[in-house]
């Protein structure tokens, strides 16, 4: 099989990379009705599989789970989760032939085996759904021409998909129809109904493409979302300890610092995050972020280039074929780092202390978010897609580090994201070491003293922060989500 993206001509590639339209609430007036009365069979019962299924069932859809025979016979975790939640569970042979929509929510590396197993069992004219398009775009999986292929991709972990639904809301979602597989022209109707059934229509839906979703998703998770947080955690911890900071305090400042800092990012973008600093600290954070962007730009561009060309995917799939040797080695090495093995700090760190003593961390967040966004947009990805795959998801990933450090982040994210994270962080750490060595007092671990600032300089920095394209599109999208939530709560 050939990488699907690489079979397209340049015009087709650009058209699919640039496909992104914010859909109006009125386009979901019919809710999930298009799928009501039809049989939806989910393959896989992990975080996305279970939580999407719960939402879809609560939206009135007929949901069951198809699992491998051995998973059922051995009563594995997937079987237990599905049965404990009252779902019908059966083998592929028992459930797939009756399905109107088969939703493949297994890990990326299992997609080819799953699709090759279910395709012969699917009835003529059925639909196949994904929540990530890697199998279609990067693997180049060939799907029978009578089958409609759609995607509904919530921009949050599965647990958040469920919690937001229970609150009467949802999470921002991308939907797409594979242009090679829409024989009856019903793909968009299926995708819209599926998105509505998960609650995504209440938070905002982008009509996208499989290509745009995959390329932007890979870029975001490799760089700012996971790779930058891992590299930043390791570098900042080692710097603090080398300068005499108690390892336990240093660990807590970093572990919970990312979450605290990005909560401001979530509420008001880079502007609010930077506004949490004193004026002297803001100017310093801005200067550091500009230096970081200059240093890291070639690395971000290399990751984007390798994602666009398929070089990243081919390398990762080679590691799949080699029993994940690289992935497992990197995972083990990460677990042995000083940050991961540091003792816990029992004292309290106040919220503002994370900002005051984390100027470098804030600069890293700003630089990473802006670089990821800029690099995606320069590659033809529309700004809204780039926003969701950079700034929007960052607080969610930071929250995983707050739970159990980098271990938790790498457990929660997909193996695809974890592999890309290691590629980036292993390159980024040595790249930034000379920069880290030149830091000044107050950049990390201690506060920058209050003092006079130049008004014109502060004005120009504030203007530069607020006028960045990601702040403009972010303000629009966050405002839309707030409006949608207000409407949803009002009923």
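Including glycine, each Cβ sits where the backbone N, Cα and C put it.
What Swiss-Prot lists as domain 'KARI N-terminal Rossmann' is 15-208, and the listing cites sequence analysis. Across the domain 'KARI N-terminal Rossmann' (15-208), the prediction's mean pLDDT works out to 96.
Annotation source Swiss-Prot lists NADP(+) binding site at 45, 46, 47, 48, 68, 76, 78, 108, 109, 110, 158. Taking the Cβ of residue 45 (NADP(+) binding site) as centre and 10 Å as the limit, one finds 27 other Cβ atoms among all the protein chains shown.
As annotated by Swiss-Prot, active site applies to 132, with the evidence given as sequence analysis. Under the DSSP three-state reduction, residue 132 (active site) is assigned to coil, being neither helix nor strand. The Cβ of residue 132 (active site) has 24 neighbouring Cβ atoms from other residues within 10 Å, across all protein chains displayed.
The domain 'KARI C-terminal knotted 1' annotation in Swiss-Prot covers 209-344, and the record cites sequence analysis as its basis.
There are 23 other Cβ atoms within 10 Å of the Cβ belonging to residue 393 (Mg(2+) 2 binding site). Per Swiss-Prot, Mg(2+) 2 binding site is recorded for 217, 389, 393.
Around the Cβ of residue 221 (Mg(2+) 1 binding site), the number of neighbouring Cβ atoms within 10 Å comes to 25. In three-state terms derived from DSSP, residue 221 (Mg(2+) 1 binding site) belongs to a helical segment. Marked as Mg(2+) 1 binding site by Swiss-Prot on the basis of sequence analysis: 217, 221.
According to Swiss-Prot, the feature domain 'KARI C-terminal knotted 2' maps to 345-484, an assignment based on sequence analysis.
In three-state terms derived from DSSP, residue 414 (substrate binding site) belongs to neither a helical nor a strand segment and is classed as coil. Around the Cβ of residue 414 (substrate binding site), the same chain contributes 107, 108, 132, 221, each under 8 angstroms and 6 or more positions distant in sequence. According to Swiss-Prot, the feature substrate binding site maps to 414.
Same-chain residues at least 6 positions away in sequence with a Cβ under 8 Å from that of residue 68 (NADP(+) binding site) are, in sequence order, 91, 92. When the alpha carbons of residue 109 (NADP(+) binding site) and residue 217 (Mg(2+) 2 binding site) are compared, the span between them is 16 angstrom. Nearest neighbour of residue 393 (Mg(2+) 2 binding site) by Cα distance, taken over the binding-site residues 45, 47, 78, 158: 158.
Within 10 Å of the Cβ of residue 109 (NADP(+) binding site) there are 21 other Cβ atoms, across all protein chains. Residue 158 (NADP(+) binding site) sits 16 Å from residue 389 (Mg(2+) 2 binding site), counting Cα to Cα.
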